[in-house]
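Remarks on the structure that follows.
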Amino acid sequence: SVGRDHASLLLGTLVTFWLGYGLLPAIVAGSLVASYTMLGSTIVARLGARNLEPMVVMNGATMVSDTLSLLVFAVCVRLYVGDFSVSGIAIQVIEIVVFVPLVLLGLGRAGAWLLQRAENEEETYFILMFGILAVTALLAEWIKLPGIVGTFLAGLAVNAAVKDKPAKGKLAFIGNTLFIPIFFIVTGFLIDPMALARSISQDFYLAAGIIGALLLGKWIAAESCGRAFGFTPAARRTMWSLTLPQVAATLAATLVAFKTFNAAGQPLLDERMLNAVLIVVLVTAILGPILTQRFAPQMLRDSASRKLK
């Protein structure tokens, strides 16, 4: 079901390519809109709908969609700065095929084994979690993948290993109160307010095109997946709304692409695209939760009426 989200990747790529960007930058733009951040999940949880089947499907979809989009992004970065050839692509694919299972399976099991032995020593437990994240990011960069890819995969592995231990909550607290604010501060330093204003007035079609591709692609994915599972229209619309916000992975990958240069000194994504992505982030971060708030209650009512029948 998650594979149907390739519609966002394809549409985002086509729109960006049509607007004058090269093939690799266009694919990167498509990979950005293929991922998503479920900002509306707190709304769903508050309504008590977290365990409904559509939401269980969405949780799996989020992991797979973000992973695949980041891997596509990683290949594009590697090719942009290195060897854009059949051999270069083959080497990158082989490295990814080895690296991803190694992290998700090998690191997940090894991490669980180590953490289990340190579960009574909270400080050691916490340090081990951080160490796993750091080592995986370094391994990713060693095979010339963006560090965010390794960190993301390590996060999945650690999440499976630590379950609901107290140290996991502390790690989440530090991330929410320290690392995420720092990330947004650094992002703010990269923004030129005048350039952003010009982008809104002069290059609005770029952001509008990406937003249009995102809305349509996510709708196709939610409709096709929802119909395949027999979900109600309200559930399909809720799924669609949850996949709209472009925040965490999108911003991080955009910043990496903005600071990635080829041999000619050209960035993978230019300032126009950076500003367009910021507009997309702003619009979708507002629109997604609003739509979730509208559609999720009906999904819950439909589920209750089905149980009564």
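Using N, Cα and C of the backbone, Cβ positions are placed for all residues, glycine too.
What TrEMBL says about this one:
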type	residues	note
DOMAIN	10-291	domain 'Cation/H+ exchanger transmembrane'
TRANSMEM	18-44	transmembrane segment
TRANSMEM	56-81	transmembrane segment
TRANSMEM	87-112	transmembrane segment
TRANSMEM	124-140	transmembrane segment
TRANSMEM	171-191	transmembrane segment
TRANSMEM	203-221	transmembrane segment
TRANSMEM	242-261	transmembrane segment
TRANSMEM	273-291	transmembrane segment
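Of the two recorded stretches, the transmembrane segment (56-81) lies close to the transmembrane segment (242-261), with three or more CB pairs under 8 Å once pairs fewer than 6 apart in sequence are set aside.
Listed stretches 124-140, 203-221, 242-261, 273-291 were compared with the transmembrane segment (18-44); the greatest number of C-beta pairs under 8 angstroms is found for 242-261.
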